[in-house]
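Read through the structure below, which is laid out as structure tokens, and then see the notes.
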Amino acid sequence: MMCSSLEQALAVLVTTFHKYSCQEGDKFKLSKGEMKELLHKELPSFVGEKVDEEGLKKLMGSLDENSDQQVDFQEYAVFLALITVMCNDFFQGCPDRP
């Protein structure tokens, strides 16, 4: 049976997290360095050419609910939900929505 588009998208969200989280330290959490690399490589149109260090520090601080200096999967999922809401809001203002 073929996976639906949404199921494929969910699989990509999960595998992308683990692709970066296993590089250093706790393999189930993103360190600041892992998060920076994920943002740079996977969301280039959101962060531009270079990840802003001050912006990354603020982002990590706002995502890191338990203050362990890392982003766990639940915190990552909240981040993706926020980006998804922003994209939805943006496209609602476009005459030819995707």
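Cβ from N, Cα, C; glycine included.
Per Swiss-Prot, these features apply:
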- K29, E34: Ca(2+) 1 binding site (BINDING)
- D64, N66, D68, Q70, E75: Ca(2+) 2 binding site (BINDING)
- 13-48: domain 'EF-hand 1' (DOMAIN)
- 51-86: domain 'EF-hand 2' (DOMAIN)
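Taking the binding-site residues E34, D64, D68 in turn, the residue surrounded by the fewest other Cβ atoms inside 10 Å of its Cβ turns out to be D68. With DSSP classes pooled into helix, strand and coil, the tally for the domain 'EF-hand 2' (51-86) is 25 helix, 2 strand, 9 coil.
Those same-chain residues not listed among D64, N66, D68, Q70, E75 yet with C-beta within 8 angstroms of the centroid of the Ca(2+) 2 site C-beta atoms are K29, L63, E65, S67, Q69, V71, D72. Remark: K29 (Ca(2+) 1 binding site) has S21, D68, Q70, V71, D72, F73 as non-local neighbours, by Cβ distance under 8 Å and separation of at least 6 in sequence. Same-chain residues at least 6 positions away in sequence with a Cβ under 8 Å from that of N66 (Ca(2+) 2 binding site) are, in sequence order, D72. With respect to their backbone Cα atoms, E34 (Ca(2+) 1 binding site) and D64 (Ca(2+) 2 binding site) stand 14 Å from each other. Taken together, the residues of the domain 'EF-hand 1' (13-48) have an average pLDDT of 92. For the domain 'EF-hand 1' (13-48), the DSSP-based tally of helix, strand and coil residues reads 24 helix, 2 strand, 10 coil.
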